[in-house]
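Q: Annotations per Swiss-Prot:
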- Arg90: active site (ACT_SITE)
- Glu93: active site (ACT_SITE)
- Ser116: active site (ACT_SITE)
Amino acid sequence: MRSDIGRLSKYLIERKKNLGLTWEDVSRKLGKSPVYCAMLFYGYAQADDEEVKAVAELLNLEEKELAELKDAPYREPQQPVPPTDPFVYRLYEVVILYGPALKDVAHEMFGDGIMSAIDMSVELEKVEQEGAERMVLTFNGKWLKYRKF
């Protein structure tokens, strides 16, 4: 478990681990994607009453212990820049390496704008290809055109 996350996040992640739960288990209980559930536990998403109730039931906790989950999160990066964790660094490297080409192709397809990171979903799947496990990471974000004024 990471040492640079908040008190509640540490508690929730440790509790999940001690109960032998996976992110898929949490996902089924909350009715949200595994990535969203991990974001919630890590303090990057804001829970509604229904989600707090589901987390409390899943982790055998009192809802009042989870009241902080209903607060708007302070979405400060929890990794140094550049990241030092190998997995997170590789994602950073992908953006640095492919970013300019992706931007150019996206602008040809959609026009001048950006992909929303707010109106966006992230999906992660495991596939088998040529006898090897592969990871498919999908960002599905609304295209926001720059406005002229």
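Quick reminder: no glycine exception, Cβ is built from N, Cα and C everywhere.
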Q: Quick check for the class: what is the C-alpha distance, in angstrom and rounded, between Arg90 (active site) and Ser116 (active site)?
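A: That comes out at 22 Å between the alpha carbons.
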Q: Can you grab the distance from Glu93 (active site) over to Ser116 (active site)? Cα atoms, rounded to a whole Å.
A: 20
Q: Is Arg90 (active site) helix, strand or coil when read with DSSP?
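A: DSSP assigns Arg90 (active site) to helix.
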Q: Inside 10 Å of the Cβ of Glu93 (active site), count up the other Cβ atoms and send me the figure.
A: 12
Q: Counting Cβ neighbours within 10 Å across all chains shown, tell me which of the active-site residues Arg90, Ser116 comes out on top.
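A: The largest 10 Å Cβ neighbour count belongs to Ser116.
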Q: Helix, strand or coil at Ser116 (active site), per DSSP?
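A: For Ser116 (active site) - judged by DSSP and reduced to three states - the answer is strand.
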